[in-house]
Amino acid sequence: MTALRRTISIIFVFYLSCTLFVNIFGVQARNLCKTDEDCVLRCQDPGANCILGICHCSRQQVETELTKVIRCKTDRDCPDSHQCPKDYYYACLNNGECTCISV
């Protein structure tokens, strides 16, 4: 009976160890790249490169934040940028709306 309990415990610990091992390396594998094509798809940028297993996007991506709609024709029509979060500023986008953006 003791041998059976010990065998079941060893199998359970082995199963748990394998599960954790696969989960840890599965998370890391998602952040890595093998070819430039992987990076082109991730960055949505034809100039992206895979360097030492890490994607490097050639162009900067613009982050936008949703704000209340303010109509504009130029950036001067938008309110002061101090109303935007840090490192953001107001810009008049093509659709004629002021939006806080970060470049």
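Each Cβ is built from the backbone N, Cα and C atoms, and glycine gets one as well.
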Recorded disulfide counterpart of Cys92 (Swiss-Prot; options Cys57, Cys72, Cys84): Cys72
Three-state secondary structure, Cys84 (disulfide bond) (per DSSP): coil
Assigned element (helix, strand, coil) containing Cys33 (disulfide bond), judged by DSSP: coil
In the chain carrying Cys78 (disulfide bond), residues 6 or more apart in sequence that have Cβ under 8 angstroms from it: Ile70, Cys72, Tyr90, Ala91, Cys92, Cys98
